[in-house]
C-alpha cells in the first residue's frame, strides 16, 4: 500500500510539472504525510506550509446558496457592489435605458463625428453661420442612425445568443434533492450534477463521479480546439466519502471549504486547497472541470461551483480582439487629416482676403461698409474664418466611413456565400471572421504557410518503420497499389494499415526479436490517446493525427492499446493481456519536442519509453549506441520520400534511481511555481538523457536510453495544392513555408508542391552564412556559384534560387545585429523560402521580421494550435478547418476548409475588393470635394463673404442621396474581370501588392482632377451667364445640375460590370435630384420658412430654360472630360486583342495534378502529390455582361505586371473553361 501511495504522489507531481499544457492523465490525490519506500517520510504539504497559500483569498463554501446570493455582484448605472458573479452570460452592451446614451457615447469617440457636431453647433450661431444647421445635421443624423441601427442589430443577436446559453438546464442540489434550474440561476457554492454529453455550466471542483477512482473524461474542443478526451479526477478523500453512500444526503451534508486564487484568465493552472474535516487537501488543475467543456464517457459527475459566469476562466479569456487596420485605412485617415488641414488653411486665407476686401474696398462703398460689424474689419475677418470652416465642411466626407463599413460587411458576405469555396466533403464553407480586411486580401505580398495539415491532408498513414536498423515496408509503392497483409489472426485489425511487411508480421508472431517487441510496446504505451469501445470495435481519440496513426499501427500488428485508468494502461500483446502501472507521464510540448512515460511492467521492472523528433532523441544518445548509423540512414531515406519521422527509445530504470527521482519530486511540491518548474525541467532532462552504453538484449534492461528505431508516416498533399502555389507565384506572391520537419522532407514537399521549380538551386548552410556575413551588402552570388553564373543576369540567378533556413540557424542569426535586414534583402531576391525545424515562437518571429524590414502585406495560414502566434502576428490570418482542432480558425481573420480555396480568396475576392474599394474611395472623395471647392472660386466674386454657392437643401442631400447609391453599388458589384479571368490570368493580381490603385500618386491625380472639375463647374456657367439676365440663384441651380451630370457620367465610365440594380439606382438618383429640387423651391415652403426655402420658384424657370440645360451639360461633360479621355486612351492602347482575358467556350477541364519533374530521382515520392487527380470545378461568375475587360489599371508592362497574351508562349496561354449554368442556390458574386 505504501508503494501504491508513493506512486500516486509521484504521478501527481509529474503532471503538475507542465501547467501550461492540459495534462492527458489525471493527477492523483494531494501529497499527504505517509511513509514512503525505504523508511523515508515526505514533508506534509498543507496550506499553511505552501509558499503560495497567502494568495488563496477566494473562499467557496459548499451548499451555502443563500450566502452567495447575498454576495452576488450587482450594478446600477456606474455603481458596482458584490463579490461573486452570477452564472448569466451578458455579452450584449445595451438595454432599453442605456442604448441611446451608450451608442451616442461610442459614436462620438470618432473624431469625424465630433467635428461635424461642432459644425452643427457653429451653424446655430447667427454671427458666423453661413449655412443652415440642417445642412450638416441631416447627414450627421443619418450616419448616426445607420451605425446605431447596425450596432443595435448586432447587440440583439448577442442578446439572443446569451438567452439561449443562459436558459440551458442543469441539476443543482437544493435541500437534499437535485432540482433542474437554468444556468443563469446557478450560484457559487452549489453542488452540481452533470450527465454524460452535457456541457459543464460553471468552473467546478470535481467531487466524485460514476467511474472508478472518481475519474471523468472531458472534451475541451470549445476551449483549446483539441478534440481528444482528457482525464480529470477527484480527490481521494471526496471520492471515498461521497461515493461510499451515493445519495443526495451525503452530498447535502458536504461542508468543505475551497480556498483558491481570485478569478483569473489562466486556463491551464489552478492553485488551491480544500479544507474539510480539519484537513487540507491540495488542489490543482486536474481537479477542475472548466465551463464550456463536455463530459464524455462518464455517466455522471458531481462538482462544487467555484467560479461562475463572468468569473469563470473561459469568460475571463473573452477579451477584445485587436483591431487590424489595413493599408487603405491608414492612407485614408491621412487623406482625411490632410483635407481637414487644407480646410483650415483655406479658411485662413479666405479670412485674410475678406479682411483686405473690407479694409480696401468695402470702406469706399457705404452699402458694404455698413455690413462690417462695428467697422472692425479684423473682427469681421475672424468671424469669416469660422464661416468658411462651415462652408467648406462638406470637403470632409461624412458618410464615407459608414458606407465603407457597409461595403466591408457585404464583401464578407460574398466570401461566406461563395459556393466555389465550400468543401462538399464535410460541407465547410469559407468564413470571413473579420469584416474589415477584405481589400487587404488583394494586396498580399508575402504568404507564410504551415506545411502539415495546411499543404498536406493531415490524414496520416503508417507506411514504413525502422527497427534495430532494419527498414520494413516500401513507400515507393502507392497506397492504392500496396498489397494488404493477412492480419486475419488479429480480431482488432482495422484494415487501414497500408504497409506491406510480411516478414515483420512473422517476426512478431514468432516473438523472435526483442527490439520489435519493445518498439511496438513503446507505441502502445507512450501516447495520450483515449480508447472508445463500441460494437464496431475500439476507436481512438487522439490529440494529433500522428498519435492516432502510431497507436493504430501497433493495434493492427498485435499490440492493442485496450484501456486506460488513473494509474494503469492495459495492452493486449498478441492476445495476452498485460497491465502496466503508470508512474510518470512527461508530456509533449513544442519546446521539448518529445514525450515519455515511466511504467512498471507486470514483472516489476521499471522502464521509460520515449518518442520524439529525431533531432531531439538522437542528441540524447551516447556514442556507440547500436544501430545508430543504420537508423540515421533510414531517416534520410524516409525524408527523401517526404515521410514524417519520429524516433523511439527505451530506458531501463533501477529502483534506486527511481527513488532518487521521487525524492526530488516530493521536494518540488512545496516550492514556489517558478522554482518548481525549473527543478522539474532539470529532472526531466536527466530522466531522458544518456541513452545507452550497455544493453542486456535478453531482458532489454539498460541504465541508459536505447534507440529502438524510427517510424515513417505519410501525409499526402491536399488536392489542388501544386496548382494553387503555382498560380500564387505567378501572381507575384513570395511564398514561405514554415515547418518543424526535417530539411530533406520540406525540400521534397517544396518540389512536389511546385513551390520550387525542377531547376531551382538551394541556398543554405555555409553558403548562406557567407552571403549574410559578407561586407558587401550587394553581394549577390557566392564564390561557389560565380563560375556557373558568368553568362546570366544576376536577377535570373536569384529567380531560380530558393532559401533554406533551419530553426537553429534562425536562432543564431537572431543574436547578430543587422543580419535580419540582410536576410530579408536576400529572401526578396529568391524564388521562395523554406524554414525547417522551426518552433511556433519562431514562426511568429519570422512574420515579425518580414513586417519590420518590408512594407509588404503578410498573410499567414495554418491549421493547428502551433500556428496561432503566426496567424495573429500577420496582417491577415487564415485558419484551415482541419483535424487538429479549432484554435487556428478561432484566432484567424478568415477560415477555409482547404488550401486550394486560397487562390479564389485572394485572386478573385481579394482583387475585386481591392479594386472596388480603391475606386470607391477615390470617387467618393472626388465627388465630395469637387462641388465644395466651387465655394472658393465663388468667394472671389462675393467679397470673400463666405456666402455659399448652393441651396441649403442641395448641400444636405448631395452626398447622402443624390450621388450615394450608384457608387455604393459600384463598390459592391463591380468586376473588371470575371472570376474565371482572374484565375486564368493571376498576373492581374500584381496591381494590389504594388499599391497601384490607391497610393499618394493616384490620390494626387484625383485631387488635381477635382480642382479642374471645380473650376469648370464655376467658370463655364459664370462665363455663360455673365451678360445674361439670369441671376445668381439660377446659376446655382445650373452648377448643381452640372455636378450631378458630371458625377453620373463618371460613374458610367467607371463601371464595367452592369447589373439591374446599377441601372435602376442610377436613374433613381438622377431623377431624385430634380424632384426634390422642385419640391424644396416651392413658393409655399418659402411662406412657411423664408430662411430655409429662399430659392423661390428658381428650379421651375431654370428647368424650362434651354440655356440652363445646355450650360449644365457643357459644364458637366467638360468636367468629365479627363475621365472620358482616360477611358478612350485605355481602349486604344489595350486594343481588342491585348491585355484581355478572354472567355472561350471550347470545353477543356483542368486537372489538379502535379506535373513537376524532379532532377534528383532519388528523392521523388509519388505520395507527396495530390490525393486524387480529379477534375476541378469550373468557376462561374455573375450573369451580367463585362465591358472591355480589363482596361486602365490593367495596362501592365513586363516589369510591372505586363500581360500580352499574344506574346505568351502557346503552352502558357490561358486554357479555356467550359460554360456552366449557375446552380439555383449559388450566390452570384
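Our numbering is plain: 1 for the first residue shown, then up by one each step along the chain.
Keep in mind that glycine also has a Cβ here, set from the backbone N, Cα and C atoms.
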In TrEMBL, which of the ranges 265-292, 293-320, 377-404 has the transmembrane segment annotation?
377-404
The residue range that TrEMBL labels transmembrane segment, out of 196-222, 223-249, 331-357, is 331-357
In Å, rounded, how far does the Cα of residue 863 (Mg(2+) binding site) sit from the Cα of residue 837 (ATP binding site)?
17
Residue 588 (ATP binding site) and residue 867 (Mg(2+) binding site), compared by Cα position, are separated in whole Å by 16
Would you list, in sequence order, the binding-site residues among 644, 740, 837, 867 whose CA lies within 10 Å of the CA of residue 450 (active site, 4-aspartylphosphate intermediate)?
740, 867
In chain order, residues whose C-beta lies under 8 angstroms from the C-beta of residue 452 (ATP binding site), counting only those at least six residues away in the same chain, are 458, 644, 715, 739, 740, 741, 863, 864
Tell me, how many other CB atoms lie within 10 A of the CB of residue 588 (ATP binding site), whichever protein chain they belong to?
23
Only counting partners 6 or more residues apart, tell me which same-chain residues put their Cβ under 8 Å from the Cβ of residue 837 (ATP binding site).
615, 740, 741, 742, 743, 806, 807, 808
Residue 867 (Mg(2+) binding site): tally of other CB atoms within 10 A of its CB:
31
Residue, out of the recorded positions 450, 863, whose Cβ gathers the largest set of other Cβ atoms within 10 Å
863
